[in-house]
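As structure tokens, the structure follows; a few thoughts come after it.
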Amino acid sequence: MTTLPAPTISTTAELRALLRLAGPVVVSQFAANALALIATAVIGRLGERELAAAAYANAAYYLVFIMVVGVMLSVAPRVAQAHGAGDARGVARALGGGLRLALLLSAVMLPLMWALSFVLPNFAPAGVSRDLVAAYLRVYSLGMLPNLAFIALRGTLEGTGKPGAVTGVALTGVVWALLVAPALAFGWGPLPRLGLAGAAGASASAAWIMAALLWPLARRRVAYAGPLGPLGDEVRALFRLGWPIGLTLGAEGGMFSVTTLLMARFGPEVLAAHNVTMQTITAFFMVPLGIASATGVRVGTEAGAGRLAQARRAGLVGLGLSSAVMLTFAVIELAAPRTVFSVFVNVNDPANAGLIAAATGFLSIAALFQLMDGLQVTANGALRGLQDTRVPLLVSLVAYWVVGLGLGSVLSSVAGLGARGLWFGLTAGLTLAGLSLVGRFLYRTRAGRAA
């Protein structure tokens with residue numbers, strides 16, 4: 001019976017290597033989340049009309065944008081495998097191909113977003129300003145190219161084991177948005193009051209600044225490997241690897257979006273409780289998301305170097321770390337739900353008593369939900385390190401849309417569990433995805449198989 005050679009470094013050493021990568025990535029994830037929070041806070045101060053218009057436009061924009069982001073996530077594993085193999089030319093080609101792919105995707109998506117700005121407002125619900133939706137979408141979409149380029153540059157630094165530079169740049173973007181968003185929205189000093197368009201412009205300009213700052217750092221990290229030649233093959237390879245990632249992210253995001261729409265049937269209080277619970281989970285999810293990115297880099301680096309046993313260990317360490325973190329978060333949430341919810345809502349207001357009660361019930365289900373969510377995102381990251389993306393897509397489609405939404409709808413409507421039934425469905429879908437993807441990773445890294 002064929003066995004894998006022993007891993008080259010211990011589990012403890014692998015954990016240290018993973019933490020060195022994951023720490024800066026997690027901070028960068030929180031910084032990206034902070035940009036969205038800043039925009040929401042500024043728009044909220046502009047008024048209810050502006051907030052509703054931005055929410056409506058973002059719902060359409062991000063449904064498309066998240067899939068394009070998924071395509072760009074192919075850069076990091078390509079870089080990691082080339083870096084692990086000592087292929088400096090491969091690293092440089094992955095970066096060059098990634099930037100060209102960002103340009104091509106933007107050339108397709110920007111006209112689409114511009115056209116959408118004329119069509120989408122016609123379907124806006126009552127009370128949502130069509131003019132504000134159109135203006136926001138046109139200005140906000142100007143940040144698409146730098147955002148995609150930033151992902152390619154970030155993937156290069158992460159893939160070569162130097163994600164720390166990304167943290168400083170991301171925090172710079174947060175500071176910029178913190179200063180510029182209110183200045184443009186409210187017209188500080190000599191600046192004109194641009195309202196919602198100003199807040200959107202601040203977000204777009206932050207993306208351009210971050211991409212510009214990260215470019216020399218990523219370029220310095222890539223050793224000169226001579227003329228790279230035509231990059232068409234590399235762009236195609238990145239797209240082949242990335243499109244299943246994009247559809248996987250779209251499938252997961254779509255499951256949550258449809259669940260939110262179904263939750264609206266149970267009234268505004270239950271819908272608000274659902275949103276508060278999801279906000280809580282999303283905040284904690286930034287940590288396993290960073291661990292997943294770092295795990296993908298570690299697996300890709302070791303697989304590229306031909307060390308399959310070490311790649312397997314890297315993936316298992318990442319899965320263990322992610323599970324431990326999410327289990328800790330679940331204990332905190334179950335022990336002190338009111339404290340957790342106080343970040344998002346006034347828990348002492350008697351008017352919110354029903355909301356808090358419903359959200360606490362959802363959070364009790366979310367304990368397992370979070371554990372499985374951390375497992376699936378980390379397993380997905382490990383499989384991306386092996387450049388395995390098509391089977392995870394099929395798993396995600398079945399887990400999220402057949403089991404997650406299908407079972408949730410049955411439990412909610414037929415079994416009479418109401419809103420909790422939808423949460424049980426989400427948890428079942430994530431459980432199937434998590435366990436299946438872990439099994440896929442173990443299969444891909446077993447003895448006798450090439451990474």
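Just so you know, glycine gets a Cβ as well, placed from its N, Cα and C.
Straight from Swiss-Prot, the features:
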- 23-43: transmembrane segment (TRANSMEM)
- 53-73: transmembrane segment (TRANSMEM)
- 101-121: transmembrane segment (TRANSMEM)
- 132-152: transmembrane segment (TRANSMEM)
- 169-189: transmembrane segment (TRANSMEM)
- 194-214: transmembrane segment (TRANSMEM)
- 243-263: transmembrane segment (TRANSMEM)
- 277-297: transmembrane segment (TRANSMEM)
- 316-336: transmembrane segment (TRANSMEM)
- 355-375: transmembrane segment (TRANSMEM)
- 391-411: transmembrane segment (TRANSMEM)
- 422-442: transmembrane segment (TRANSMEM)
What stretch, picked from 53-73, 101-121, 169-189, 194-214, 316-336, has the most CB pairs under 8 A with the transmembrane segment (23-43)? 169-189
I'm a bit unsure how to read this: which one of 53-73, 243-263, 316-336 has the highest number of Cβ pairs shorter than 8 Å with the transmembrane segment (277-297)? 316-336
Contact count check, CB pairs under 8 angstroms to the transmembrane segment (194-214), set 53-73, 243-263, 355-375; argmax is 53-73
If I count Cβ-Cβ pairs under 8 A between the transmembrane segment (132-152) and each of 101-121, 243-263, 355-375, 391-411, 422-442, which range comes out on top? 101-121
May I ask you to check whether the transmembrane segment (422-442) and the transmembrane segment (169-189) make contact, with contact taken as at least three Cβ pairs under 8 Å and only pairs 6 or more apart in sequence counted? no
Using a Cβ cut-off under 8 Å, which residues of the same chain at least 6 positions beyond either end of the transmembrane segment (243-263) come close to it? 59, 62-63, 66-71, 73-74, 270-271, 274-275, 278, 380, 384, 389-390, 392-393, 396-397, 400-401, 404-405, 408-409, 412, 419, 422, 425-426, 429
May I ask for the residues of the chain that lie six or more residues beyond the transmembrane segment (316-336) and have a Cβ under 8 Å from a Cβ within it? 11, 14-15, 18-19, 22, 280, 284, 287-288, 291-292, 294-295, 298-299, 363-364, 366-368, 370-371, 373-375, 377-379, 381-382, 438, 441
